[in-house]
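Please see the structure below; I have some questions.
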Amino acid sequence: MQTAATSTFFANPHVKHLPGPFLRPSPHYGALVHLPSFRNKTPISIAMAASPSPPPLQELTITRPDDWHLHLREGDVLAAVLPHSAMHFGRAIVMPNLKPPVTTTARALEYREEILRALPPGSNFVPLMTLYLTDNTSPEEIKLAKKSGVVFAVKLYPSGATTNSQDGVTDIFGKCLPVLEEMARQEMPLLVHGEVTDQHVDTFDREKVFIEKILAPLVQRLPQLKIVMEHITTMDAVNFVESCKEGHVAATVTPQHLLLNRNALFQGGLQPHNYCLPVLKRETHRQAIVSAVTSGSKQYFLGTDSAPHDKRRKECSCGCAGIYSAPVALSLYAKVFEQAGALDKLEAFTSFNGPDFYGLPRNTSKIVLRKSAWKVPDTYSYSSGEIVPMFTGNTLEWLPSDQLEE
């Protein structure tokens, strides 16, 4: 694993008086090199100019990415946010935590049709549906899901862990074990929100404790079950994923957990638009995740966890968890890999590792990322209100093209 990027993001993107959103590395001014003198055999010092670095890349063409963790909601919110994902992503794993949740294959088929009806004309975007695992899910439902050809995974929400998770699992090794065994037989991946919900566990330790108490025993008990640890936030998660067999355990990574640490929640006042679950962690964890995803490992792939909420539900006394990143995600991932000197590994993370893990073909179309500054809108309006995007009002450097190259 390579070391973390030296140029990192610490400033809060929602505080306008702070420096620009990305800190730059210090310039390299050259070095003094000692060489021997052939006459007197004593060393002499000469100033050596730094080797000129190649000009920064201005354009990058990659296979069209997929989003392996996306919240699309329903109704007018779905209609407003879907074009942002469909513009740049070929497919997306669509989360099932609606009200009520998508617990059956029949409901997944209905939701899929709602998404397809909301697509912009001419869009080739493909929603990959998921089921919401409950204590009452049956092995027969897993068989139906596999047979449908449109349900690609089952999502585990520990009850009370995040938005609309109140119907989630309370007894994974008891009530859910027959379902998980059937999933292993059907090669149906389990997508895990990896946090315990015990009230005595510190919020910042919920992922670590989940790995120790739930995930590690689950992998040991069902080694053939394919598991995706969603939106990882800690070096503990990195270490666990890399201790597991490639092709059986993987992880999605969000832009916010690559670019922000927990300071971003509090700089310049409480920042509700940086609040998500799992919550942002300390800087050492962020660096570990950057190192992992930019190392070239096949066990990590793009999952934005883009989670739109109305502005009024974020800026209130009890705000919702979730960051709306779909419009800016590719720009931010490109920046992370550029800062790490790993743009050559961006395509595998965005476009190859995900479909390879799921056993799906890679996309054949291309998309272009250009170095062209653009300003993130303050809000996106929809019929019932406004949604504030990640890095609202900031200027980003990489601009994904709207036109695909075949």
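Even glycines carry a Cβ here, placed using N, Cα and C.
Since this is a predicted model, take the numbers as computed values, not measurements.
For reference, Swiss-Prot lists these features for the protein:
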type    : residues                     : note
BINDING : HIS69, HIS71, LYS155, ASP305 : Zn(2+) 1 binding site
BINDING : LYS155, HIS193, HIS231       : Zn(2+) 2 binding site
MOD_RES : LYS155                       : N6-carboxylysine
TRANSIT : 1-41                         : transit peptide
To the nearest whole angstrom, state the Cα distance for the pair ASP305 (Zn(2+) 1 binding site) and HIS231 (Zn(2+) 2 binding site).
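The separation of the Cα atoms works out to 7 Å.
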Rounded to the nearest angstrom, how far is the Cα of HIS193 (Zn(2+) 2 binding site) from the Cα of HIS69 (Zn(2+) 1 binding site)?
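So the alpha carbons of HIS69 (Zn(2+) 1 binding site) and HIS193 (Zn(2+) 2 binding site) sit roughly 11 Å from each other.
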Suppose we draw a 10 Å sphere around the Cβ of LYS155 (Zn(2+) 1 binding site). How many other Cβ atoms does it contain, all chains included?
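Taking every protein chain into account, the count is 26.
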Rounded to a whole angstrom, what is the C-alpha distance between HIS193 (Zn(2+) 2 binding site) and LYS155 (Zn(2+) 1 binding site)?
8
Could you name the residues, excluding HIS69, HIS71, LYS155, ASP305, of the same chain that surround the Zn(2+) 1 site, i.e. Cβ within 8 Å of the Cβ centre of those residues, in sequence order?
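Other same-chain residues with Cβ inside the cutoff are LEU70, ILE93, MET95, ASN97, LEU191, GLU230, HIS231, GLY303, ALA307.
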